[in-house]
Amino acid sequence: MAPENFTRVTEFILTGVSSCPELQIPLFLVFLVLYVLTMAGNLGIITLTSVDSRLQNPMYFFLRHLAIINLGNSTVIAPKMLMNFLVKKKTTSFYECATQLGGFLFFIVSEVMMLAVMAYDRYVAICNPLLYMVVVSRRLCLLLVSLTYLYGFSTAIVVSPCIFSVSYCSSNIINHFYCDIAPLLALSCSDTYIPETIVFISAATNLVFSMITVLVSYFNIVLSILRIRSPEGRKKAFSTCASHMIAVTVFYGTMLFMYLQPQTNHSLDTDKMASVFYTLVIPMLNPLIYSLRNNDVNVALKKFMENPCYSFKSM
């Protein structure tokens, strides 16, 4: 067989959210605000659930780790994206791109699994309240969180090298604001059947397992709520579940749209807009949806703002 005649790609150029020069500064300001709000909200949740004695049950333990994951997911993407708004040559090295994809996969898969863990936690809390602290013990909490991170890490070290094992030898322009799977595979000059198959199987397995756990948990939660005799209690419980389900639906809907479709059907410009939701918008909204409507968190936040030392003294 004749030897291949090509120049291997050593760096990529990111097109960003928009290629319009007039929009770079306005977009920089918009996404800077989103990132700052994401940082503030999630760091606030991490701080409150770490130092306040009222927020030391399993629900807030899992919420703290969701905030850590959201913070990591945004930080893997946002700083590079913000920098690229301000420079003309939006380049990223081959290894920097691989590292970013690996970090993104670690956090996004960990978030998928953490949502399933949190759904199970809420199921036990509502359906078996008397046994809640026995079933969801400290040991189980640590085990579930450890498995969540381990699964995210194992997915990242399998999928990311697989994506970068194909040949990139023609265009090096990634039609995206970060190194994502679909735009990278679109640049490959070799057969992408194996990495596409691995990505599809991995995404399908992760999402289906997590979604089944979430749906079964919330189905039983709804049945339990319907048995509540007090109209006010039922209304409050439904309102709380609706908030969580909105966040879960937006997240899973975006992920299904992104990854469970054939590569040939991808519209990369549409994918960029969808990616904004689960890399920046959802991590920004999660602290509000999951906790700021919660009375315990509101009380803890008020006490912390009045006297930051109060929470430490009350532990």
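Cβ from N, Cα, C; glycine included.
Per Swiss-Prot, the topological domain holding Thr15 carries the same name as the one holding Thr270, which places both on one side of the membrane.
Just going by CB pairs under 8 A, the stretch in 26-46, 140-160, 198-217 that sits most against the transmembrane segment (272-292) is 26-46. Cβ neighbours within 10 Å of Cys189 (disulfide bond), excluding its own Cβ and spanning all shown chains: 14. Under the three-state DSSP scheme, Cys189 (disulfide bond) falls in the coil class. Within the chain carrying the transmembrane segment (198-217), a Cβ under 8 angstroms from the stretch's Cβ atoms is held by residues 109, 112-113, 115-116, 119-120, 122-123, 155, 158-159, 162-163, 181, 248, 252, 255-256, 259-260, all 6 or more beyond its ends. For Cys97 (disulfide bond), the Cβ neighbour count at a 10 Å cut-off comes to 26, with all displayed protein chains included.
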